[in-house]
Amino acid sequence: MSMGHCSEQRTGFEVTKDWNGADQVAIRSPRGASVRVCLHGGQVVSWRNHRGEELLFSSSKAIFKPPKATRGGIPICFPQFGNCGTLEQHGFARNKIWTIDDEAPPLNSGDNNNNKASVDLLLKPSEDDLKCWPHCFELRLRVSLSMDGDLSLISRVRNVNGKPFSFAFAYHTHLSVSDISEVRIEGLETLDYLDNLSQRERFTEQGDAITFESEVDRVYVGCPGVIAVLDHEKKRTFIIRKEGLPDIVVWNPWEKKSKTMTDFGDDEYKQMLCVDAAAVERTITLKPGEEWTGKLELSAVASTNCSDHLDHPGRL
């Protein structure tokens, strides 16, 4: 199915327009995997494996109309997460028009992988942004797709202000799952978490793995660099690797809350799970001229019911 009526081929990616007229960037790997990024919000809206299977969840009732962010994919939450501040929910970055950055400064040598197809995006504050959040910044995002279909996002925030500022950040990642009751997360055992359903009260995770029987809205703190989301019915595991982002946000609205969300189907909670690499418990502070980098890599691998896949994954 065509993604738009107009396209422009550029090195490593293609720029198209969706049915609503918004610019999207399409990246494809030689083996058939693909990713689509919308310039509205710098938001990854699709990630497919080489078989064409969609790996990210998007609501069938999502509203594709700026300035509202689309429900699904991977919205960028900056400079605020949730309602913890004076700005709009999850900050303004996900509601702004980003530009393609043809002259992005080089990343560290380990991140400049020539085997990846990628696009660089840039967001700078508008005059209206500076009125509600008076800090000059440059937010860069590199979205890359490896030969094997792994998706990586590298964000860089630079303070081009004359004074320090602090911010929160999250990749609000909506994973597509077969049935939430058949899903579990490994790698967060024994960690502390802040429960947003209990006024951010702090608890310690007691289970061997996180499973789902009701609404969950938690911020796990001090998390390891790799966690796994196992989907038993699809025999698929998402491996989530992160750097510079100490927290993991886990969210599923479940039945009751789903019915209160206008851009979310009543039963869609069964097919989605948000697992966000984030920096939200403690905000990041940058002095003038300083830069912060946060990285996320997502892989979809064939899974068993144990954790061996973390050491010897078989790729889907």
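Each Cβ is built from the backbone N, Cα and C atoms, and glycine gets one as well.
The substrate binding site annotation in TrEMBL covers Arg71, Gln89, Arg94.
The Cβ neighbour count for Arg94 (substrate binding site), using a 10 Å radius and every protein chain shown, is 23. The Cβ of Arg71 (substrate binding site) has 22 neighbouring Cβ atoms from other residues within 10 Å, across all protein chains displayed.
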